[in-house]
Amino acid sequence: MSTSDASIIKPIQWCAIEPPNLPAAIADWLMELGSMTRRFELHCQQVHVEPQRECFISRDELGEEAEHLPISERYWLREIVLCGDNQPWLLGRTVIPEGTLSGPDRALVDLGTLPLGRYLFGGNNLTRDYIQVGRQDELWARRSLLRLSGKPLLLTEVFLPASPLYSI
């Protein structure tokens, strides 16, 4: 696992609205309201997480992500590769204001190889403000502002070429 400054997620071109030419089967994946981990599990024998970067960062390091999150002195950053049957399917980047990491949710800094979805969707205190669709060259991406017990976190997901999203 790295703590370097380079994000595993390259710049994404975010769409203001859902693209009109978005195929229905791809839209179904991108607009998934449940756990992407659970959805991936329907397409493989085993899902596992490879953590790439886990550390606290400053607001200056957020770039345009700062527009989506409240002001905080520090943010927990977690970048991972999610694999299905040992094939990289998704790059994930989670940015969590330090204030969200209170009480039992402090456990978010210790997820290690546990998929984020297992933690977030394990209870009934999760809501989603929005899903925004984007492209990174030929790859589809999405980001969601989620609230855990009313406290925000920003999740960005890039679907890699081997992802079942593309095998429709």
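Each Cβ is built from the backbone N, Cα and C atoms, and glycine gets one as well.
Here the structure is a predicted model, which means the values were calculated and not measured.
In sequence order, P51, R53, E54, G92, R93, T94, I96, L108, L111, L116 make up the list of same-chain residues 6 or more apart from R78 (substrate binding site) whose Cβ falls under 8 Å from its Cβ. According to Swiss-Prot, the substrate binding site annotation covers M36, R78, L116, E157, on the basis of sequence analysis.
With every protein chain in view, the residue among the binding-site residues M36, L116 whose Cβ has the most Cβ partners within 10 Å turns out to be M36. For the recorded substrate site, residues M36, R78, L116, E157 set the reference point as the centre of their Cβ atoms, and the other residues of that chain within 8 Å of it by Cβ are T37, I80, L82, L90, G92, R93, T94, P115, G117, L155. The substrate site in the record is lined by M36, R78, L116, E157, and its two most distant CA atoms lie 16 Å apart.
Under 8 Å, Cβ to Cβ, and six or more positions away along its own chain, E157 (substrate binding site) finds M36, L90, L91, G92, R93, A141, R142, R143. A strand conformation is recorded for E157 (substrate binding site) in the three-state DSSP classification.
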